[in-house]
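Shown next, in structure tokens, is the structure this report addresses.
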Amino acid sequence: MGKGGEQGDEGAAERDAPALPTYSWEEVQKHNLRTDQWLVIDRKIYNVTQWKHRHPGGHRVLAHYAGEDATDAFLAFHQDLHFVRKFMKPLLVGELAPGEPSQDRDKSPQITEDFRTLKKTAEDMKLFETNHMFFLLLLAHIIVMEGLAWFTVFYFGTGWISTILTAVILAISQAQAGWLQHDYGHLSVYQKSTWNHFFHKFVIGHLKGASANWWNHRHFQHHAKPNTFQKDPDVNMLHVFVLGEWQPVEYGKKKLKYLPYNHQHQYFFLIGPPLLIPLYFQFQIIMTMIVRRDWVDLAWAISYYTRFFFTYIPFYGILGSLCFLNFIRFLESHWFVWVTQMNHIPMDIDREKYQDWFSSQLSATCNVEQSFFNDWFSGHLNFQIEHHLFPTMPRHNYYKVAPLVKSLCAKHGILYQEKPLMRALLDIVGSLKKSGDLWLDAYLHK
């Protein structure tokens with residue numbers, strides 16, 4: 001039968017289907033337990049309790065929206081909506097009652113409507129279409145630096161100067177590969193998810209020795225609920241730092257002193273940028289792949305380590321190559337921490353506030369001024385606001401959508417923060433000091 005006949009059959013099936021049960025928001029919000037989780041997308045209610053463990057982005061990102069409207073998060077993270085909705089049909093358990101608003105709690109329906117109009121405008125402007133040459137050049141310059149690093153030590157030998165120069169080149173390559181895998185991980189390069197997933201595993205696995213699944217499960221939580229305690233893993237500091245205004249006061253009231261937090265802006269330089277990648281991330285990634293039996297990602301990571309040691313053991317030996325690798329990670333870690341935290345740590349960090357998508361992303365992110373260097377240095381994460389609002393948009397289009405976002409912020413009186421690079425970096429330290437002072441005051445006087 002022709003396509004028109006198929007559509008007619010589908011329409012008849014929908015008309016003949018029994019009416020869905022209807023629920024109030026009060027009833028939906030009761031289903032936010034670990035063993036009972038519903039969420040709402042386009043007024044339809046889905047029970048994701050069992051299916052969440054099969055979710056490609058991890059089960060936690062779904063759990064974070066249990067009992068809430070997740071429409072804008074759903075639209076932000078997925079490209080092929082037709083494909084994804086096939087998996088949603090068996091999960092459908094009802095819909096919101098006719099008298100219920102589309103937004104739960106105090107989320108703004110007007111801001112939500114205006115943001116969806118803005119996104120439609122961006123789509124009409126073709127801002128979700130990729131310039132493939134842009135990403136090809138990014139990949140090429142990473143591979144060129146890998147070759148240049150080998151040539152440096154091959155031609156100039158293993159003296160201190162050539163070794164440090166080689167490490168710097170490889171650290172630059174690793175940092176840029178980190179930004180590029182971020183693009184593929186967000187499905188922002190190719191229209192087909194399959195190609196994005198393949199190149200994501202290639203870049204993060206073969207070029208960096210890390211795990212795509214580890215990154216997905218961690219990073220999508222951050223995007224879903226940025227700067228939200230117990231939901232965003234990037235603000236889970238394992239008692240090493242206290243962030244924002246609420247957490248330090250709570251720690252102080254409870255007399256919690258795992259570390260002298262009033263000095264955290266100082267010891268940050270010792271244990272933050274230097275150790276995050278070479279110590280914490282490297283250990284966590286390897287353990288995650290083994291514990292989850294993620295053999296595909298482990299194979300990709302092994303291919304990186306095999307290539308690295310095959311290349312540099314002839315020059316430095318086994319022990320020397322291990323030290324060389326960790327020195328590269330040490331350098332890269334500084335770059336990564338400063339860039340990724342300058343947009344978030346100085347911003348609002350708090351418990352769940354149940355804000356609409358647009359407001360929640362603006363309260364947790366800020367931008368750094370555009371320049372060719374800032375774009376390259378940060379992997380275009382100087383446009384952190386636009387990236388968080390449109391995670392599947394190719395990064396070379398962020399500057400085009402930024403004026404539209406600024407206009408919407410002005411309309412609703414929402415602060416759109418943009419800073420010089422140095423100011424943004426200094427604000428990390430200032431924010432840590434402010435939180436540490438709040439902790440000390442509460443610890444001594446409350």
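Using the three backbone atoms N, Cα and C, a Cβ is placed for every residue, glycine included.
The domain 'Cytochrome b5 heme-binding' feature in TrEMBL is assigned to 20-97.
Per TrEMBL, region 'Disordered' is recorded for 1-20.
The list of residues near the transmembrane segment (134-153) in space but at least 6 beyond its ends in sequence, with Cβ under 8 angstroms from a Cβ of it, reads 162-163, 165-166, 169-170, 172-173, 176-177, 179-180, 183, 189, 203, 207, 311-312, 315, 394, 396. Feature annotation from TrEMBL assigns transmembrane segment to 134-153 (among others).
Feature annotation from TrEMBL assigns transmembrane segment to 159-180 (among others).
Feature annotation from TrEMBL assigns transmembrane segment to 267-289 (among others).
As annotated by TrEMBL, transmembrane segment applies to 309-328 (among others).
Across the domain 'Cytochrome b5 heme-binding' (20-97), the model assigns an average pLDDT of 94.
In the domain 'Cytochrome b5 heme-binding' (20-97), the DSSP tally of helix, strand and coil residues is 31 helix, 20 strand, 27 coil. If one looks beyond the transmembrane segment (159-180) by at least 6 residues along the same chain, the residues whose Cβ comes under 8 Å of a Cβ in the stretch are 135, 138-139, 141-142, 145-146, 148-149, 152-153, 203-204, 207-208, 324, 327-329, 331-332, 335-336, 378-381.
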